Amino acid sequence: MSHHFGTGDVDARRPLLSGEQLDSDEGEIIFERSIEHEGVRNAAKKLSYEEAVEGSGFGLFHWLLLLVCGWANASDAVEILCVSFLLPTARCDLLLSSADMGLLTASIFLGMMVGGYVWGYLADQRGRRKVLVVSLTVNGVFGCLASFSPWFWLFLLLRFLSGVGVGGSIPVIFSYFSEFMPRLRRGAMISALATFWMAGNILAAGLAWLVIPRTWAHVSLGVLDFQSWRLFVVLCSIPSLSSALIFKLLMPESPKFLMEAGQEAEAIQVFRQMFDLNNRGKENTFSEFSLSVSSKLKEELEEVRTPASLPKMLKKGLTPIKKIFSGALKGRSVALLIIFYCISFGYYGLWMWFPELFERVEDGGSPCANISLPSPDHDRNCYPVKTAVYMEGFIIAASNLPGNIFTILVMDSTGGKVLLSGSLMVSSVSVFLIYVVQTKAQSLGLSCVFSGVSVIAWNALDVVGTELYPTQLRSSALGFFTGVGRVAAIMGNITFGKLVDTNCAVPVLLVSALLLTGGLVALLLPQTKQTELT
């Protein structure tokens, strides 16, 4: 793959110079090409941001970056999903009704909603890396503190605050990561980063299986009865705290942010680090250059830095939302709004309740047949802990893997629209059958199908959402729809909590109906297969 500089297409047609190579080890030559096109030789060449990224090559730096950002992404998944695994045992120690459990699973999503807006704004003002360090620390610290909470209300509050941290790190990780990537590698590398969510899912399920059934992890500390599930919560906070430490000590700030903040020397220093790591062991040398910021970007930056009144800020913030719901974009935006609501309500509503529902089918039957209302001898339902529940959780989490592999292989040839619609419809059928079946083995099999197929829907939605909007509206549109998804996740969890004991069929069949609706609405989206981004 050749990297193009300056006049780009001219370069693609130019014969190679002697000793020149075509890939990421192009080294000094790449930085000189844009000058050679014009027949001019300056000491300090001016490069755009994209040209400087291309010139830094692709290699070791980017793979290390993928590991670091992937670990941070996995840590967010662990923090969100750990609540679902502690429900079957924590409900006894915290004396939770099903409605309380619904509130508990919803609290992290409410925190994510609040965090998403606050941290996103701060990341544009103060820098990606600083915000990642703080948001991951908030996530880990409050997640860990929750394990020492003897009362439900305090546990709920601390999980909410942990969610505020998660809400910041998820979108900022993706922005930070993409800003280091050469244009032609960006899509594939972002897809690779997204798969670390599945790794976090499997890690949370594996930890739960290893730790929660262990009775030795039990200490009485005055008013606090420290059971094994509390140790599990502490362990779940380690990934985010270790991520924060790695970002603080080892990772550079995004060169795009530095460039836009007017810190040109610091941005060039980051490009130098990237070049050095990518060209390790090669005889290429870093060629000095300066960065050029487009006049349009300068105007935008001036606007950002000029203090605005609150009404003006609100009006400016709502402008992109008005644009995505007007003109040619209106139809696709309404369709995506419905799809995001349906998949978030369905997936998070059901996923967070899987361990609890599986505990109810330990003795066979349908998840909705065995109703466990809170009773005076509630304690007997939780101990000894049933290991099988956590083993099943691990199997369901691992069944994400075939879905991820399938998406990577098929996405480019099939297109996001077909995959999105088909996978939502298959998910709907699998949820309906979970309600119908009578044996535990059948329930587990269908849950694995739901897990594997729903991840295809999420991956397809990531691709379709990116391709349906022009650059200047893309972030705002995805931010808005993610917010809609958070609201749906909160409603899904509260609905399950309220109805799982009295009318369990209602939330399960509602999830099935919503996933089917989302699948049908996806057919109305324009086909985006292999279109160029505008």
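Yeah, the Cβs are placed from backbone N, Cα and C, and that goes for glycine too.
Among the ranges 40-62, 385-407, 477-499, the stretch that TrEMBL annotates as transmembrane segment is 477-499. With a threshold of 8 Å between CB atoms, the same-chain residues lying at least 6 positions outside the transmembrane segment (418-438) that come near it are 339, 342-343, 346, 350, 364-368, 407, 410-411, 446-447, 449-450, 453-454, 456-457, 459-461, 464, 505, 508-509, 511-513, 515-516, 518-520, 522-523, 525. Within its own chain, the transmembrane segment (189-212) is flanked in space by residues 62, 66, 69-71, 73-78, 81-82, 85-86, 89, 173-174, 177-178, 181, 228-229, 231-232, 235-236, 239, 355, 385, 387, 390-391, 393-394, 396-398, 400-401, 404, 408, 455, 459, 462, which lie at least six positions past its ends and keep a Cβ under 8 Å from the stretch.
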